[in-house]
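Here the structure is laid out as structure tokens; the discussion comes afterwards.
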Amino acid sequence: MDDHETPLLSKDLSSSSSSSSSSSSVVVSSLKWILKVVMSVIFVTWVVFLMMYPGSLGDQILTNWRAISSNTLFGLTGSMFLIFSGPILVIAILASLYLIISGEETVFTKKKITKFPRFRLWTFPVLVDGPFGVVSAAEFLGIMVFSVFFLWAIYAYTLRNLNVLDYFHVLPNNRSIFLLELTGLRFGMIGLLCMVFLFLPISRGSILLRLIDIPFEHATRYHVWLGHITMTFFSLHGLCYVVGWTIQGQLLELLFEWKATGIAVLPGVISLVAGLLMWVTSLHTVRKNYFELFFYTHQLYIVFVVFLALHVGDYLFSIVAGGIFLFILDRFLRFYQSRRTVDVISAKSLPCGTLELVLSKPPNMRYNALSFIFLQVKELSWLQWHPFSVSSSPLDGNHHVAVLIKVLGGWTAKLRDQLSTLYEAENQDQLISPESYPKITTCVEGPYGHESPYHLAYENLVLVAGGIGITPFFAILSDILHRKRDGKDCLPGKVLVVWAIKNSDELSLLSAIDIPSICHFFSKKLNLEIHIYVTRQSEPCLVSLT
């Protein structure tokens with residue numbers, strides 16, 4: 001009797017567990033769908049209001065909103081903050097809940113092959129060669145929306161300026177100067193509306209970027225575009241007032257004016273100068289050839305933001321406060337994370353001039369094969385952080401992370417010399433004192449990159465790299481092999497690696513991954529081909545490894 005009851009009982013328990021899991025999955029999916037809808041509605045409503053704001057209808061909406069909310073505990077400034085900055089903060093909170101509910105593990109399943117190819121807005125290139133670089137369909141739509149908004153804002157504000165002239169009955173002699181200053185005011189307001197979005201793409205750990213799975217290094221280009229546009233309007237804003245005051249003969253008198261209430265001019269001048277310095281040094285030529293000049297000058301954003309707040313006051317500053325708050329929160333969390341030091345477990349110098357560092361993994365650090373980290377060595381610089389792709393899979397071990405560092409510049413050369421000094425000291429028979437023993441204090445910030453390991457979602461992968469660019473592909477190959485060995489979710493069945501190198505000594509990079517030791521039967525699980533091309537030798541060679 002017991003022999004027959006046990007299987008039936010197990011079957012009942014199994015079906016009960018399956019039913020419970022299914023109902024739980026339905027609840028989670030429903031909650032995620034609700035959060036998506038709510039966030040989408042808030043975002044669309046917020047963006048529509050921002051686009052309407054320069055016109056009379058937008059101004060009327062804001063007037064009605066102030067009338068309703070200014071008498072509450074929020075006050076006049078609070079009402080401005082709620083309508084301009086509140087929505088993005090609410091979306092950030094809901095995005096946090098969405099990601100917590102979603103969990104960390106993503107199961108990839110084979111997708112049905114449709115008769116017609118899918119049109120992907122984020123990946124389909126529309127513009128390839130132009131001032132914006134490679135622009136996808138989604139980015140092109142965004143550029144068009146912003147372009148329409150700028151034209152509409154200029155048109156709407158021009159109409160409102162003319163109405164103001166008629167309303168105040170300005171004398172003909174003062175009409176041009178008044179209109180010039182009023183136009184400058186409108187340019188400044190458009191700059192503030194652009195600044196609403198300026199700090200959102202530059203937050204490295206932004207919950208908003210994680211929600212839409214856009215790595216911050218990709219989103220940085222949006223910050224660059226918005227920065228150019230913002231500074232253009234702020235420059236026009238200042239120029240209009242400078243020309244108007246010069247015509248009046250009051251330039252120096254008004255330029256250094258700092259009122260206790262209302263608009264303070266001098267803080268605005270300081271903020272604009274800081275912004276112009278950041279703008280000039282961020283141009284592509286300067287940034288490419290003098291990166292440290294660009295980096296250190298860009299720290300003037302603190303001066304820019306603080307004196308902007310002093311210039312416009314709390315009422316107008318509340319328009320941009322939401323994005324700035326999220327950036328400051330991200331910066332604080334990054335600072336807290338980067339205070340922790342990690343150990344250098346091993347270091348190896350390869351013949352091609354590349355360093356392989358194996359670091360202890362910080363507690364609670366979770367990364368995937370597409371991640372990269374920022375590395376700081378305090379003995380070299382307290383300020384410089386350099387990004388490096390991880391060359392190890394998270395399945396390689398729970399307590400370490402590996403990176404490959406090509407010695408190309410001053411910082412990497414100093415790191416190589418520091419490691420060489422450390423190695424020589426370890427092999428000396430006598431050391432003068434423990435205090436004289438060379439040290440290397442390393443800190444890690446991150447990981448950053450794509451939130452989901454999308455390389456696991458395709459059956460066929462083609463990986464093309466040049467030189468040290470092979471580093472993330474080592475992590476991808478290691479990740480796939482580990483999953484094949486352990487029977488975990490992994491769709492890729494065929495991987496083609498095409499690697500171009502300058503000299504054959506760069507082949508030593510292959511020692512960073514030992515494929516047979518990870519999965520000795522990998523040829524039965526994975527069709528792997530590696531084609532290596534040597535491009536700068538008198539006798540170029542072609543190597544094919546299977």
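Even glycines carry a Cβ here, placed using N, Cα and C.
TrEMBL does not curate its annotations; it predicts them automatically.
Note that this is a predicted model, so its numbers are computed, not measured.
Quick look at what TrEMBL annotates:
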- 14-23: compositional bias 'Low complexity' (COMPBIAS)
- 337-454: domain 'FAD-binding FR-type' (DOMAIN)
- 1-23: region 'Disordered' (REGION)
- 33-53: transmembrane segment (TRANSMEM)
- 73-101: transmembrane segment (TRANSMEM)
- 122-155: transmembrane segment (TRANSMEM)
- 175-202: transmembrane segment (TRANSMEM)
- 223-248: transmembrane segment (TRANSMEM)
- 260-281: transmembrane segment (TRANSMEM)
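When each of 33-53, 175-202, 260-281 is checked for Cβ pairs under 8 Å to the transmembrane segment (73-101), 33-53 comes out on top. DSSP places the residues of the domain 'FAD-binding FR-type' (337-454) in helix, strand and coil in these numbers: 26 helix, 40 strand, 52 coil. On the 0 to 100 pLDDT scale, the domain 'FAD-binding FR-type' (337-454) averages 81 in the predicted structure.
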